[in-house]
Number of protein chains: 2
Amino acid sequence: MIQPFDDTYFMKKALQEAQMAFDKGEVPVGAVVVLKDQIIARAHNLTETLNDVTAHAEMQAFTAAADFLGGKYLKECTLYVTLEPCQMCAGASYWTQIGKIVYGAPEPQRGFVNLNTKLHPKTKVVSGVLGDECSKLLKKFFIEKRNLN
Amino acid sequence: MIQPFDDTYFMKKALQEAQMAFDKGEVPVGAVVVLKDQIIARAHNLTETLNDVTAHAEMQAFTAAADFLGGKYLKECTLYVTLEPCQMCAGASYWTQIGKIVYGAPEPQRGFVNLNTKLHPKTKVVSGVLGDECSKLLKKFFIEKRNLN
């Protein structure tokens, strides 16, 4: 059976968001929040534009999803994000009680996995979905940035 | 020499913010960000009012302080907060590179200390300033809430 709405499908949507960040000169990270195969929030990193280190894609996506639902908790939702969440974003996910986190590229230094950030016990994690594409966009950003400086 | 602007002075200001949260039916946590003895941001927990689990006092205070300074980093600043920060807020503090965090009441279950959230290497931590007063307000809130239900 064909499943058009799989993890790859939604990660592509998160990658589109990451590309929007890239085009603005932001570290290219994008995220979508999905509920029952529907995207209820889209966001990309805006730390430079908003001059705010808390404006990671995931933080904005959580806020937007809760706003859409009219409830603080995202128990039935899945977060798709192109880069492994940091401590702040993983810590925020704990409070949302989100059902699932799917991320693309790993972040061994500042990601929640190696830093052992505690997720909500009901949150499942899937990693590496379109990981190469997600990494490639990030690498392209940092190479271009280095060449400009 | 009398030092009117010590940690106790600024924690009292954070407690005033916590009282404002209490008066709104929010878990009473307050925060201020201080730069050279000047309060540059004040905030209190607004998770219920904004229907947003990311609306902790510290997150709002970081955003407001960066907005005030016109720069993302808070290297010369001190955060005063009535409750030990959670993983999300401590994770956010990492990105702000804040110089110092002073907190009141401990939070053994969900606080950053026992959960080993990584702070920025330059961030100093002071705990227990007006700890009893900060705890008392939180306890009062939860007792009143229990009696209402």
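Placement of Cβ uses the backbone N, Cα and C atoms for every residue, glycine included.
Curation does not apply to TrEMBL; its annotations are automatic.
Annotation comment: TrEMBL describes B:5-115 as domain 'CMP/dCMP-type deaminase'.
Under DSSP, B:His56 (Zn(2+) binding site) is assigned to coil, being neither helix nor strand in the three-state scheme. TrEMBL lists B:His56, B:Cys86, B:Cys89 with the feature Zn(2+) binding site.
Within 10 Å of the Cβ of B:Glu58 (active site, proton donor) there are 29 other Cβ atoms, across all protein chains. What TrEMBL lists as active site, proton donor is B:Glu58.
Figure note: comparing Cβ neighbours within 10 Å for the binding-site residues B:Cys86, B:Cys89, the maximum is reached by B:Cys89.
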